[in-house]
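Pasting a structure here, questions to come.
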Amino acid sequence: MKIIVLLLLAVVLASADQTAPGTASRPILTASESNYFTTATYLQGWSPPSISTSKADYTVGNGYNTIQAAVNAAINTGGTTRKYIKINAGTYQEVVYIPNTKVPLTIYGGGSSPSDTLITLNMPAQTTPSAYKSLVGSLFNSADPAYSMYNSCASKSGTIGTSCSTVFWVKAPAVQIVNLSIENSAKNTGDQQAVALQTNSDQIQIHNARLLGHQDTLYAGSGSSSVERSYYTNTYIEGDIDFVFGGGSAIFESCTFYVKADRRSDTAVVFAPDTDPHKMYGYFVYKSTITGDSAWSSSKKAYLGRAWDSGVSSSSAYVPGTSPNGQLIIKESTIDGIINTSGPWTTATSGRTYSGNNANSRDLNNDNYNRFWEYNNSGNGA
């Protein structure tokens, strides 16, 4: 009986800070409020199809020397039948661009685990167009389906910027990415955006994958007025600054978010959503784990997130209801002791001070407040 009582007490203590309505620095949803935020509501009527890796219409490493060549071939066949691209285990130093196409693609690693198949490149946002062309230009010809994506980056002046730093870029709907690793290996001690995966389309599925990088690892949704839904399951995502960011509707279920400290240890931010203020659904983290390097356990300087106020130059230029207002729910997940528990959210990219709504009666989409919420999380950082 004593053991049972102690265990129950431990559970209560671990979840004590998850009591609704929370505090102004850490708002918590009530049970009834949390019912508005489920996988189904974020999917918004989409039923993701099952994923199969039992066939291969194209094989990279046996018939195709690059992933891009296999993607081009699949798109050029036309039609609306799903095409399957198998990537044999190995390391591929290249970019992969999937332009808008009606051909649904499944791209999967042929190894026994996602670590066996790695797509990697060192390509930060500060890369010059000439260096970019030297890195990836050999992959593209003017008649290729994705040439316009390449050319838009190659023709930039100065540097290529955040979007063009992407290693794996998806602009087509209904793409499935399975059992592989995508890495942008760029690393320095300052601010250096370097995107591993970017999705600018709808109905994207990422399963059993690894997304590796530091700053801006995953760019999930462009923030356009169109619907951009993506569904991540059993996927590992690592980084340090804003390493999950963007304006799409993204569901992360049974995923791991790992905060690294090998590049910088002064601060870290996991999520930076850029949700349109008229959209109710941004990022949904469900039954997942947020953890990281031991350096954050002692300093407690890592933050769960901040708002990416894209296009807003300063806090005084922010207009509630017009400017972006990132939306994020973390629900029934484990948050390790790497997070500043008393203040897990930090100042927006515009300089706008974080403002949480812990009123007993509240509008969860009131744009005078940040739209960051938690429900029924556990762990030393909850």
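Yeah, the Cβs are placed from backbone N, Cα and C, and that goes for glycine too.
Values in this document were obtained by computation on a predicted structure and should not be read as measured data.
Sharing the feature lines straight out of Swiss-Prot:
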type     : residues               : note
ACT_SITE : Asp216                 : active site, proton donor
ACT_SITE : Asp242                 : active site, nucleophile
BINDING  : Gln193, Arg306, Trp308 : substrate binding site
DISULFID : Cys153-Cys164          : disulfide bond
CARBOHYD : Asn179                 : N-linked glycosylation site
CARBOHYD : Asn340                 : N-linked glycosylation site
CARBOHYD : Asn376                 : N-linked glycosylation site
SIGNAL   : 1-16                   : signal peptide
SITE     : Gln215                 : site 'Transition state stabilizer'
Do me a favour and check the Cα-Cα span between Arg306 (substrate binding site) and Asp242 (active site, nucleophile); whole Å is fine.
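That separation, Cα to Cα, works out to 8 Å.
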Where among the recorded positions Gln193, Asn376 do you find the Cβ with the fewest other Cβ atoms within 10 Å?
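Each of the recorded positions Gln193, Asn376 was scored by Cβ atoms within 10 Å; lowest is Asn376.
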Determine the most Cβ-crowded residue among the recorded positions Asn179, Gln215, Asn340, using a 10 Å radius around each Cβ and all protein chains in the structure.
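Per the Cβ count within 10 Å, the most buried is Gln215.
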To the nearest whole angstrom, what is the C-alpha distance linking the residue listed as 'active site, proton donor' and Trp308 (substrate binding site)?
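Computed Cα spacing between the residue listed as 'active site, proton donor' and Trp308 (substrate binding site) is 12 Å.
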Please identify, among the recorded positions Gln193, Asp242, Trp308, the one with the smallest Cα-Cα distance to Asn340 (N-linked glycosylation site).
Asp242
Between C-alpha atoms, which of these recorded positions comes nearest to Asp242 (active site, nucleophile): Cys153, Cys164, Asn179, Trp308?
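Closest recorded candidate to Asp242 (active site, nucleophile) by Cα: Trp308.
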Sorted by position, what residues of the same chain at least six away from Cys164 (disulfide bond) have a C-beta under 8 A from it?
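Sequence-distant Cβ neighbours: Ala125, Thr127, Tyr132, Ser152, Cys153, Lys156.
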Please work out the number of neighbouring Cβ atoms within 10 Å of the Cβ of Trp308 (substrate binding site), leaving out its own Cβ.
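The answer is 24 other Cβ atoms.
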